[in-house]
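Pulled from Swiss-Prot:
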BINDING   Gly12, Pro13, Ser14, Gly15, Ser16, Gly17, Lys18, Gly19, Thr20  ATP binding site
Amino acid sequence: MNNIAPVITIDGPSGSGKGTVAGILAKRLGWNLLDSGALYRLLAFAAHNHGVDLTNEELLKKLAAHLDVQFIAATDGQLQRIILEGDEVSDVIRTESVGSGASQVAALPAVREALLQRQRAFQEAPGLVADGRDMGTVVFPNAPLKIFLTASAEERARRRYLQLKGKVEGVSLSSLLDEIRARDERDTQRAVAPLKPAADAIQLDSTELSIDQVLERIMSEIAIRDIAG
């Protein structure tokens, strides 16, 4: 791991906007991007495809260590593309059912350990923007800037509904809200690396903020710390 490259971590619950913010921020800075949540979603999706039970920690650990994954950076007018075993899965892994599976496998210590070094390997020059749930508390505890981004469950469900509407059949706002609340409980109550802000994190509630307003706050913190040079 390159200890020189700076890291900005953006943690928060599902639907808080951290992925969107992290992607735009990484592109603006010209830095690398780690979407750690995608790794857990990919593992849950791969487990389903291979018939691996989400409670089988040993098999999940082996699957995590050998995931055939490719991240293709976003370009103008296009979102980041994610390839699993040769197939593009960028949209399908964003469904709440896959997200629920990701939350289950993320609670398993052996799985988290298997993916830890894989995540840390993303820390390369000129810098890294890492988004997830334990980026600032576990994966990059020495990051010079840590953001914890949240929003009300209702607002997060609304955002996810707009994101999935037209892409996923049968999606409803009420079911998304129920799933988000259930996932919040799992993520905050798990024994290993529970979702919580780092002690030195800047906490931002984005319920009433636009993406641009959130980015403006973060860019101000970057300037104060002179992180990007």
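Cβ coordinates come from backbone N, Cα and C, glycine included.
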Protein Cβ atoms within 10 Å of Ser16 (ATP binding site), excluding its own: 25
DSSP three-state assignment for Ser16 (ATP binding site): coil
Local Cβ density at Ser14 (ATP binding site) - other Cβ atoms counted within 10 Å: 25
Surrounding CB atoms that lie within 10 Å of the CB of Gly12 (ATP binding site), all protein chains: 27
Under 8 Å by Cβ from Thr20 (ATP binding site), same chain, sequence gap 6 or more: Ile211
Local Cβ density at Lys18 (ATP binding site) - other Cβ atoms counted within 10 Å: 28
